[in-house]
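Here's the structure we're looking at; comments come further down.
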Amino acid sequence: MYKFMLFNYTFVVFFILLFVIDSLQREMTSLGRIQKSLLNHDLHTTTHNSELECKEDYVKCVNDRRCIPKFLWCNGEKDCKDGSDEKMCLCLDQIDNNKICDGRFDCFNGEDELNCFGCGNNSFSCLDWTRRDPKGMCVSLSRRCDGVTQCPNKKDELDCSILTPSLVNQDTVINYKYKDGYFFKNWKGNWYPVCPETQTWASDACLEVTGSLSSEPPTITVNMNIKKEKRNLGPYITMMPWGQVRLLNDCFAEIAFVLCTNQKKI
């Protein structure tokens with residue numbers, strides 16, 4: 001009985017230490033990202049503004065003669081008139097520390113979940129503190145959303161579709177709450193814009209974001225603004241008639257825009 005209690009005590013202490021170490025790593029990572037962002041800001045400061053010197057704990061805006069406090073840099077709000085304090089921000093600069101290594105991918109490239117719980121720079125952990133699942137294992141980012149479950153808690157196959165109100169970039173913070181928007185799908189660790197002819201995927205995406213089945217398929221429209229802007233978001237992703245996933249260099253510059261809010265629930 002004494003040995004059993006000692007084993008349980010040792011097990012609990014081990015996971016407490018693991019949590020404390022990981023929290024310290026997140027704080028250090030966040031500070032490093034902020035310092036890197038500030039350094040990039042100084043390197044990109046324009047010549048006509050170069051003679052402006054800011055007080056300690058202040059940084060210069062790029063195109064206007066103004067200094068702002070460091071804590072306002074990359075805080076999600078435009079504090080410089082030219083918006084330069086928000087234009088050169090990495091995803092990790094924009095999210096809260098409690099979202100780093102929390103078990104859910106918030107950054108477009110997944111960097112907030114890499115190098116966590118002892119995993120490497122290109123892998124993420126199946127460990128999920130919210131579900132108290134101690135069966136942690138490391139999975140390569142390239143095996144995320146590949147259609148094959150690796151994690152016991154199926155974490156690697158969750159959140160593989162997003163709808164966004166605007167076109168995204170590599171430093172975008174992912175928001176899973178939207179029920180209408182441009183359709184992006186993750187495939188083997190990378191996000192791709194989805195071609196319009198993907199009704200099955202659109203239905204799956206609506207089920208994922210609404211949490212309920214529908215008696216009718218979602219509405220898919222084609223965005224034409226990409227053609228007007230002459231933007232190429234490729235490669236694009238699509239599903240072939242026989243079920244094979246394929247990446248295309250061109251989808252006629254079109255991306256699916258999915259509407260889930262007009263569906264009728266079963």
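Even glycines carry a Cβ here, placed using N, Cα and C.
Automated prediction, rather than curation, is the source of TrEMBL annotations.
Feature annotation from TrEMBL assigns transmembrane segment to 6-24.
Here TrEMBL flags C74-C89 (among others) as disulfide bond. Its Cβ placed at the centre, C89 (disulfide bond) has 20 other Cβ atoms within 10 Å.
Within 10 Å of the C-beta of C160 (disulfide bond) there are 20 other C-beta atoms, taking all protein chains into account. As annotated by TrEMBL, disulfide bond applies to C145-C160 (among others).
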Just the number: how many Å between the Cα atoms of C74 (disulfide bond) and C160 (disulfide bond)?
27
For the disulfide-bonded residues listed here (C74, C145), which one has the lowest count of neighbouring CB atoms within 10 Å of its own CB?
C145
How big is the Cα-to-Cα gap, in Å, between C89 (disulfide bond) and C160 (disulfide bond)?
24
